[in-house]
């Protein structure tokens, strides 16, 4: 892609999210979301592959549906209350519609089925943008319309953690596994959204860091399926040793960074007398952990058949820039000792 066009599209992505962040009026927020969608579509379709075009079409239709629903909900709210202000959502009908529209935007269960299909059709870089940056604007709106209906949010959250766990179990494609991982993590964020918005933001931030390092690992290895991951020991032995830890952090195992948000969320849910919800969420995390372990096993504990020529690529110099991977992988593995400080800040 022409660098000027790429720069324009990335500027459009940033601008769309910033407009939504800065807006207090529903029309302006909707406009920011539309700018965001229109900027990422050329990035998704840039490879002119039938899969990419199909994924782009699915994404466009889904986002257009969600945007239309959001516009309808905000118009309904203005009709019922005379307010266009985002924080003046008083009537339950528009609140429910907006929550549903934003759930469709970010891919929460039960309106999640577009996400694995779309992510599977994209290259890893665009997939990374879709899994991280594209979640920011809808999350900003979800945080602003609190207090939303608590029952709906908890239902969405539990459904997402369960679907994210179950859905990834029989997948062999890494991008689909990461899509289900994204759905499960979003479920955890939504569960605690109404009780502690700052904890939701912490979870979102740690999810971004962990997903960033996972995508960069797969990009460095040029892996898109579990079988391709199994040959990575010959290409990057040091990274192959570290990657299982990154994946286990994504699964939420102590003593890695990914344990911190899950631990704090379970604690918060228990404080709110939602012990059954917390138990169900913790059990669903085991499902996700299984497929992260599968990836770790394929990568570090199996040796794929290799001839002498196949074991030499690791000696060659890598052309890719690895500093972002080094930074995010370090953050993914080593930030758990900051948990007491984070917990103290969340109380303030």
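Cβ coordinates come from backbone N, Cα and C, glycine included.
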TrEMBL annotation of transmembrane segment - which of the ranges 92-115, 116-139 it falls on: 92-115
Annotated transmembrane segment segment (source TrEMBL; candidates 34-53, 274-293): 274-293
Stretch in 60-80, 151-170, 201-221, 233-254, 325-347 most in contact with the transmembrane segment (274-293), if contact is a CB pair under 8 A: 151-170
Candidate ranges 60-80, 92-115, 151-170, 177-195, 325-347 - greatest C-beta contact count to the transmembrane segment (233-254) (under 8 angstroms): 325-347
Per Cβ pairs under 8 Å, the stretch of 60-80, 92-115, 151-170, 201-221, 325-347 packing most closely against the transmembrane segment (177-195): 151-170
Recorded stretch, among 92-115, 151-170, 201-221, maximising Cβ pairs under 8 Å relative to the transmembrane segment (60-80): 92-115
Intrachain neighbours beyond the transmembrane segment (201-221), with Cβ under 8 angstroms and 6 or more residues off its ends: 124-125, 127-128, 131-132, 135, 139, 143, 174, 178, 181-182, 185, 188-189, 192, 228-229, 232, 235-236, 239, 243, 246-247, 249-250, 257-258, 260-261, 264-265, 318, 320, 322, 324-325, 328-329, 331-332, 335, 342, 346
